[in-house]
Amino acid sequence: MSLTDILNPSDIAAALRDCQAPDSFSPKKFFQISGMSKKSSSQIKEIFRILDNDQSGFIEEDELKYFLQRFECGARVLTTSETKTFLASADHDGDGKIGAEGINLLIFI
């Protein structure tokens, strides 16, 4: 399964266009524009599984900086500041990684 099986490709493209400039990425805004905020909890878990590149059950900082590239291979890498802000916003237990629950909370709050 791919992200375009769950999300509309034109919504993904619009979300990526919105954050093309360095330090312009906002997770909440990206989730809204891409349509992720309109998906069910089970669909979000499937998206999370796809984004979890090493299938560890978590998205770690190293994976997170390539977050946009999981949506489109030519997309930019998140800046260090964006990566740290994104991680802090979804890492609710402070372990330095994001679980599926953290993404769910970030998307739906």
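Note that the numbers count up from 1, one per residue, in the order the chain is shown.
Note that Cβ sites are derived from N, Cα and C of the backbone, with glycine treated the same way.
So that you can see what the record holds, here are the features copied from TrEMBL:
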| type | residues | note |
| --- | --- | --- |
| DOMAIN | 39-74 | domain 'EF-hand' |
| BINDING | Asp52, Asp54, Ser56, Phe58, Glu63 | Ca(2+) 1 binding site |
| BINDING | Asp91, Asp93, Asp95, Lys97 | Ca(2+) 2 binding site |
Rounded distance in angstrom between the Cα atoms of Asp52 (Ca(2+) 1 binding site) and Asp91 (Ca(2+) 2 binding site): 15
Model confidence over the domain 'EF-hand' (39-74) (mean pLDDT, whole number): 93
Closest of Asp54, Ser56, Phe58, Glu63 to Asp91 (Ca(2+) 2 binding site), Cα positions, binding-site residues only: Phe58
Cα proximity to Phe58 (Ca(2+) 1 binding site), best match among binding-site residues Asp93, Asp95, Lys97: Lys97
Between Glu63 (Ca(2+) 1 binding site) and Asp93 (Ca(2+) 2 binding site), the C-alpha gap once rounded to whole angstrom: 18
From binding-site residues Asp93, Asp95, Lys97, the one whose Cα lies nearest Asp54 (Ca(2+) 1 binding site): Lys97
Phe58 (Ca(2+) 1 binding site) CB neighbourhood, other CB atoms within 10 A: 17
Least Cβ-crowded entry, counting other Cβ within 10 Å, from the binding-site residues listed as Asp52, Glu63, Asp91, Asp95: Asp95
